[in-house]
Amino acid sequence: MASKSKVLLIALIVTLGGLLFGHNTAVVNGSLSFLVDSWNINSWMQGLISSALELSAAIGALFGGGISDKIGRKKTLRIISWIFLIGAVGCALAPSAWFLVGARFFLGLAVGSASAIVPIYLAEISTSAHRGRVVSINQVMIVSGQFLAFLLNWLLGRMFISADGVIEYSDAWRLMMGVAIFPALVMIIGMTKVFESPKWLVKQGKLQKAVEVIKSIYSQDEDRKAQIAELHELQMNQQQGKEVKTRSKIPAWAIRVAFIGCLLGIIQQFVGINAMMYYSTNIMETFGFSKQSALMFNVLNGVICVGAAMIGMIVVDKMGRKKLDSIGLSVCAASLVLVGILSNLLAGMSFTPYLLLALIFVYIFAFQGAVGPCTWLLISEIFPAKHRGTFMGIATFVLWTANFLVGFLFPPMLEAIGINAIFYIFAGCAVAGLIIVNTLLPETKGKTLDEIESFFSGETKQDETVAKVTTI
């Protein structure tokens, strides 16, 4: 099998974790109407059901990254695949709202751990020339999972919601959540065929085994030589690191990088994407659309997400992380501000709901094609090898905590201050993200993970591309 085909196959198996991440976060969007009809839950319980997964995902991310540093990426991902399966079964069979909260909390441990480990694993098995594209496969799978959730929600909505908006089968939400059982089973089987991360093996002093993994994955001599050279460089840096005695186990520059990674995670969530993913049905209803129309537009939302993520995957290694991320954040901010302004200026006009919907779709395209993939890619690249799993876990913990806050607070905030005020807050966060990306980050395109680490540690002379950290 050709090198690219083998890397793609491994990536597709591992990123089933991303598919399940996407499905389990988006499925609540269409299922809430059925849950309200089934159990008569209030807005706070709706927020808790939605955000329980995000809360535990933060915990899963925090510990999952560190665990993968100790026992390996592969073994951790195999454990995660079983949690996905058990959690999906628990959600589908939940006898009460509180049981569902518990099942989604358990499921979130897998979602959070996968979100921390999958990008690391993909970054560690890919070449520097194609790392952006390979890591971005995870973003494509995340939005594909969201699309599948939206599609199933819409189909079941057509089947079980009458033309006048009456729900005829309240338990349809069980089917929506239970479908996650099938990709979880495929992931369990597929993980038996996946290799351990070669860079993790080097950190365990198993260079020869790491070289064998590279030879198994890559058939082309050029790719093999480049990857093996990286492994030898990593081993040399590891040995030099052990010889240097410092007063602190974690140097100041590494803590600074961890802080930057956390900021990236906060901005990704406070831009508001998951308010759109979890509550777009509610948002569209505030624009004046019916439940069935809102569910149908969610399918279009899913198509846009997948298309945008695929475009982002293609261009990220050509355009660069900073430029693509900056464009995405700018478009997100502009779209959200326009929604707020035009919804007031054009209130009551027949075309206004469609115009607002179009602007929301522009926002979603910009996020899923730029901000989303660039964030996951950057936080998989910038952390030092010695602490990569732990730092990725911390950054992803912060990201999921921010996600939880958005998911939990959105319903009561919608009631309290209205959709426009919320959108202005999200737009302000996008502007803050622009400042962070263009003042604190180097361009990582085409750099090996060791070169990126050397830039932050100040151990090598910065070349022109890397040194100009304020260049978009």
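Including glycine, each Cβ sits where the backbone N, Cα and C put it.
Nobody curates TrEMBL annotations by hand; they come from automatic prediction.
What TrEMBL records for 10-445 is domain 'Major facilitator superfamily (MFS) profile'.
Listed as Cβ neighbours of the transmembrane segment (46-67) (distance under 8 Å, sequence separation of 6 or more from its ends, same chain) are residues 24-25, 28, 32, 35-36, 76, 80, 97, 100-102, 104-117, 120, 274, 278-279, 388-394, 396-401, 403-404, 407-412. The transmembrane segment annotation in TrEMBL covers 46-67 (among others).
Per TrEMBL, transmembrane segment is recorded for 79-99 (among others).
The transmembrane segment annotation in TrEMBL covers 105-123 (among others).
TrEMBL lists 135-155 (among others) with the feature transmembrane segment.
Away from its own ends, the transmembrane segment (175-195) comes close to residues 10, 13-14, 16-17, 19-20, 23-24, 27, 30-31, 34, 74, 77-78, 81-82, 84-85, 88-89, 91-92, 125, 145, 148-149, 152-153, 156, 213, 216-217 of its chain (Cβ-Cβ under 8 Å, at least six residues beyond either end). The transmembrane segment annotation in TrEMBL covers 175-195 (among others).
Annotated transmembrane segment per TrEMBL: 253-275 (among others), in sequence order.
If one looks beyond the transmembrane segment (295-315) by at least 6 residues along the same chain, the residues whose Cβ comes under 8 Å of a Cβ in the stretch are 26, 29-30, 132-133, 136-137, 139-140, 142-144, 146-151, 153-154, 157-158, 161, 276, 280-281, 284, 289, 324, 357, 361, 364-370, 372-374. The annotation transmembrane segment is assigned in TrEMBL to 295-315 (among others).
The transmembrane segment annotation in TrEMBL covers 327-348 (among others).
The transmembrane segment annotation in TrEMBL covers 354-379 (among others). Outside the transmembrane segment (354-379), and at least 6 residues removed from its termini, the chain residues within Cβ reach (under 8 Å) are 115, 119, 123, 131-132, 135-136, 138-139, 142-143, 261, 264-265, 267-268, 271, 273, 276, 280, 283-284, 287, 289, 297, 300-301, 304-305, 307-309, 311-313, 316, 321, 324-325, 327-329, 331-332, 335-336, 338-339, 342-343, 346, 392, 395-396, 399, 433, 441, 444.
Here TrEMBL flags 391-410 (among others) as transmembrane segment. Listed as Cβ neighbours of the transmembrane segment (391-410) (distance under 8 Å, sequence separation of 6 or more from its ends, same chain) are residues 47-48, 50-51, 54-55, 57-66, 108, 112, 115-117, 119-120, 254, 257-258, 261-262, 264-266, 268-270, 272, 274-275, 278-279, 375, 379-380, 383-384, 422.
Taken from TrEMBL, the feature transmembrane segment covers 422-441 (among others).
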Integer average pLDDT (0 to 100) for the domain 'Major facilitator superfamily (MFS) profile' (10-445): 89
